[in-house]
Every structure is written in C-alpha cells, then in structure tokens.
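Asker: This is the structure I want to talk about, given as structure tokens.
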Amino acid sequence: MGLFKKAGTVVAVLVAVQAVLIGLLKTPHAGLKSVQLYLISVIDSGLDLLVEPASKNLLWATSFEGGFLPVPDTLAPQPLDVIQGALPEDLQGAWLRVGPQVQFWPPTKRTHVFDGDGAVASIRVAGGKASYSFALLETPRYLWEKAYGGEFFPRIGEWSGYPGLVKLLGIGPIKRDLIDLPKAAGGQANTAVGFSTEGKLWAHHEACMPFRFRVQEDGAVESIGFDDLKGSMEGISTSAHPKHDHRTGETFFHGRVMMKSFYMGRIKDGILQEQVELPVGDGFHHDMFITRDYVVIVDGAMRFMPKNVVKKKPLWVMDTNRTLRFGVFPRKAGALSADNFVWIDAGVTAEIVHTMFGYNEGSKIFLYSPASYYLSGAVSETLGDMGDNQMHRFMIDFDAGTVVVDLLDETGTEFARVRDDRHGQHVRYGYSAVQQGSGFNFTGILKWDMQEKRQVGRIDYPPGMVGGEPVFAPREGREDVDGDDGYMVVLLWSYKLLRSTFAVYDAKTFSQIPVVEMAIPIRAPLGFHALWLGEADFQKQLRLP
C-alpha cells in the first residue's frame, strides 16, 4: 500500500510542477517563442509518460484489418479496372470523400479516429472511364506539423486520465496560442464534404471555417485554403453539416465555441449575412435540417462532460435529465434572432447524430432521421450511454408545440442521405447505411420511402466487406423527381480480400448486384462523409476562381 501511496504522491507533485510551468507559458513572447515551444513540448511529453503509450490506443486503426491505416499523402490519378458489370454512360461526375489521415505513423501521441488531418479521396467518372486519386488537404495545421517534423497540436486521443485533463484545459490552449494560427483555422477539415450554392467545394470540421479545395479535370485534388467568405466568416467555425438550399441560394449552419457559446448563421451571395447566438448547452450538435419554410436546430440529450477525461469515459454521454428538443425558426420571420426561434420538446431522452431529410406541410414539420435512446453502459469511443441508431419519423407541430415520434424500423442504421441538391425542396426517397453495432461497421444500404413511411429496399455487401457512406448520383440528362432515378455509389473495403473497390448500384431497382464494381489499385483508407458531384456542378467548381 505504501508503494502505491508514494507513486500517487510522485504523480501529484509532477502534475503540480507542470501546472506551475504551464502558468509561466500562458503568455507568448516573440523573442522566446522557440524556448516556449520546447518547454511546452517537454511538459507535454512528460504527461504522456503517465498514461498508456500511443501504441495501446490504436484499435480504431487496426480494426477491419487496418482499414483506417494511413497511406501515402498524395496519389496521382490511377485508372480503375472493371471487376464486374459495366460503367453506365449516364454516370458522369466525381465521387468525393473526406476522412482522417495520420501524418506521422506510428504516432507518438495517443490518437483517436477523429484526430487525423483531412484527406480527400476522389473518383473521377468521365468518358466511360474512372480514375482514383488521393491527397491530404494542406491546412495550416497540417503544414505547420509537417515543417515541425512531428505531432504538436492537441488530439482527442490524448484526453485520458488526469494528465489528459491537464492537456485539455492547460496544454492545448497554450499550444494554440503559441502557434497563433488564425482563429477558426486550426482544424483538420476531415469530417464532411459540401458543395456550396456558389459552386465551391468545402471540407468541414467542427473547429474551423470551411476549407476550400478544387478537383481538377483528371480528378486530382488541389487545396485552396480556409474560406472566410471575403472576411465575413473570419474566425467563425461551422458544424460539419451546413445545409445548402439550392433553390434560394442560402446556406444555413450552426457552430459553437465549446463551453462558451452556440450560434447559427445564414450565408447568401458568398457572404455571411447574419448570425445569432442561441441558448443551447454543450451537446453533441453534429447536424441540423431545413425545409422550404423552416430551419431547425437539433438539441439532443448528449452532453459534453470534461470530467469524464479523468474517469477515462466518453466525452459525450446521454443525460437522463435532458430530452431531445428542436429549435424551429420560420424562414418567413425575417432576421435571425433568438426571439424568433421556438423550442419544441420531443419528450424523449434521445440523440440524433445525422439527419436524413426534412420537409413541411404547412405548420407541420416532418423529419426522417436515425435516432438513438438512452442505454446505460453502452459505450463507443466518443459517445456514452447511447443505444443503436434506428430510423424514425418525427412530426413537429409548430403551432401546437408538440412532437410525435414514430420508430419506422429496428434495423441499425446511420449515415443517412438524400439527393444533395434537394434539401429545402421535395424528395421521396432517402438512403442510409446498415450499421452493425456501433462505429464504422457498415454492411449494406437501406432505401426509405418517405411517402409510404417505410423501408423499401436493402442491399447487403458480401461477407467480410464494409462500405463507406452511400451517396446518390442522379443519371445525367434525366429529370429525377423522386430522388431514386440514378445510382448509389459507395467505396467498399474487403477486409477478407484486402481490396478496395468502387461500387455502383441501381437506386431504383436496388438490386444486390452492382451495375459496376471497379478495383482500386491500392487500398483506399476508410473515411467519413462523401459527396457525388454531377458533371455540370463539377465543371462549375472547376471554373470558379
């Protein structure tokens, strides 16, 4: 017992000494910057010795036979070979997907799956051929660490135990201040891809402004930089899933400064037009939705719990004292203001991570979305006490201030999507990935009929195979009214054959047999969110300065 007490005392003394040194480093000094960087790195490395080594924190990378393991930073366009079927003539454009790429491997810092730098995988489809390319996005953070020669910026994976709490509240802010990157320009741009109403390609991350990139005619990815919208967005981070209304030319987004503020904004004509702070706590707040007449904030029951760092538990947990609620803004109300938002409680302890589609019929708002309920002890790497995601239909009565919640199907599902240019408009069909358990074990695709309120199709991948986010690609030259006259495109990884393929399925028939499956010449790492860019939009982003 005495030995354990002595060890605990030593740890406490070390943490106390480091806390004093951290206090001395809080104010950057130009002439001493190199010394301060050295000292903060020494302190940080000392804290690393008090927790499990980085090599013990890589389950996310080794699962699925290394599906998330990093690959070379850049790959020039490589032709894809057909395994089965034939590439349809009316499929033209580009498939794009962003995900995390760990720059230094093996890492010397504890690393979470969300910690990698943003990297875009691209598949260009044109002239009856397809090619694959890959490139890391050249964010300021990525370039700084590349020049530094190692990991420096704080990582979610480091937030473990008492040393992790010191890193979260002490070391991290000091590091950011010492480097002095522009505000909201220190994120990795690794979570989602968006196509703005002005024709810009954006890579999103919760902690930064949109990062703009361009895809060249051959599919190669070119970094442009963080987009501050002519200075109007400078220092303002957005969520990973802003909603673009291509009918009105508006983009709505929400964002936050963790443990300080939550806000929503509206962009039009390439400029931030207005922004409002809202009374919302520190939840997960990953997504939102829009309809023709409403903009809706999703405030689930998840809450950010920094004290869980010490307990080595998830940072976000379901709070049984909170319920899911929706912050509804009528678009005809005019200016964004907190007073124009009506908060309507769903009466259930639940969380929505990704919405699928919303529309309204008069004052009744309908949302189709995966949702999960409180489940004690259920743990993923990031979220705690959260059960399986299942497809629901929410009917929000704006006038009555009520919500009716209907479970549509018990199949586990996530990464729900519709045709991207239909948000705020009409679409009948939506799609989502079959999710086995939690995490990225996506084993198929589901098709949802929002008119009949049920699942109407299912594609299951072969055994030993997982897929990324399935996205809809409309047929070129056809009028697609309901959102299923086209194809489902998805990147597949066979951890049985150790092979990556690009698969195209018929979205209308939902046949199990791909229209075409093509071999990617190297392993394409697993990632997060994807986008299909039709040929007209592809050319639009290419022409835009």
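Glycine is no exception: its Cβ is also placed from the backbone N, Cα and C atoms.
From TrEMBL, for reference:
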BINDING   His241, His286, His354, His529  Fe cation binding site
Asker: For the recorded Fe cation site formed by His241, His286, His354, His529, name the remaining residues of the chain with Cβ within 8 Å of the site's Cβ center, in chain order.
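Answerer: Close Cβ neighbours, site residues excluded: Thr191, Ala192, Ser239, Ala240, Asp287, Val353, Thr355.
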Asker: Just name the most isolated of the binding-site residues His241, His529, going by other Cβ atoms within 10 Å of its Cβ.
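Answerer: Per-residue Cβ counts within 10 Å for the binding-site residues His241, His529 bottom out at His241.
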Asker: Between the binding-site residues His286, His354, whose Cβ has more other Cβ atoms within 10 Å than any of the rest?
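Answerer: Per the Cβ count within 10 Å, the most buried is His354.
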